[in-house]
Amino acid sequence: MTGSIRSKLSAIDVRQLGTVDYRTAWQLQRELADARVAGGADTLLLLEHPAVYTAGRRTETHERPIDGTPVVGTDRGGKITWHGPGQLVGYPIIGLAEPLDVVNYVRRLEESLIQVCADLGLHAGRVDGRSGVWLPGRPARKVAAIGVRVSRATTLHGFALNCDCDLAAFTAIVPCGISDAAVTSLSAELGRTVTVDEVRATVAAAVCAALDGVLPVGDRVPSHAVPSPL
């Protein structure tokens, strides 16, 4: 056990929601973050969004949709991505322990989703210099994206795991600003339909275990993954 990254000992309040508008979920995150700063519980929201593109703070103009599709600007890290049906989105609203280690927090989120993939029979891992969870190949294929914000020692935003989503939605953008890699889903990799509901409970358990140190962070890099350019 590597120890919890959370400043609170009580269990994480996991909320399994349905389909929630992106802006509505964003407002809920802010309200929960305010409550957490005031001494409230750590919370994990698990949900789906109606189809929407969201742009992190580092998104450049040429990475936006080529057809002029509207984009919601956010205050998370990272660049542009897509959310929509068939994708499980997780928003941990967590008070981090001192000293703050955001990289360690991101690694724990990655580890939880790597474990979910392993439970399904997929050998996923990391690509050096890039966040998220990847499947090996040339090019490597991203199955889960991560983009977070930490304010007042409290986390917002989180991760998106592609279960059975429309991968064509990613073709209108440069996903996460990475042009030399591909995007995939659990269904595409396994050759069967993997619904959001199938993995909800597994994801919730893995995220809580990783944040509490029960699931240690490993050095998992998929073979034949393409390293990031220097």
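Placed from the backbone N, Cα and C atoms, the Cβ positions cover glycine too.
Look at Swiss-Prot and you will find 38-215 tagged as domain 'BPL/LPL catalytic', backed by sequence analysis. According to Swiss-Prot, the feature substrate binding site maps to Arg76, Gly77, Gly78, Lys79, Ile80, Thr81, Trp82, His83, Ala145, Ile146, Gly147, Gly158, Phe159, Ala160. According to Swiss-Prot, the feature site 'Lowers pKa of active site Cys' maps to Lys142. The active site, acyl-thioester intermediate annotation in Swiss-Prot covers Cys176 and rests on sequence analysis.
For the substrate site, whose binding residues are given in the record as Arg76, Gly77, Gly78, Lys79, Ile80, Thr81, Trp82, His83, Ala145, Ile146, Gly147, Gly158, Phe159, Ala160, the maximum C-alpha distance rounds to 16 Å. Most other Cβ atoms within 10 A: among the binding-site residues Trp82, Phe159, that distinction falls to Trp82. Across the domain 'BPL/LPL catalytic' (38-215), the model assigns an average pLDDT of 90. For the recorded site, Phe159 (substrate binding site), the DSSP three-state label reads strand.
Recorded residues Lys142 (site 'Lowers pKa of active site Cys') and Arg76 (substrate binding site) have their alpha carbons 19 Å apart, per Cα-Cα distance.
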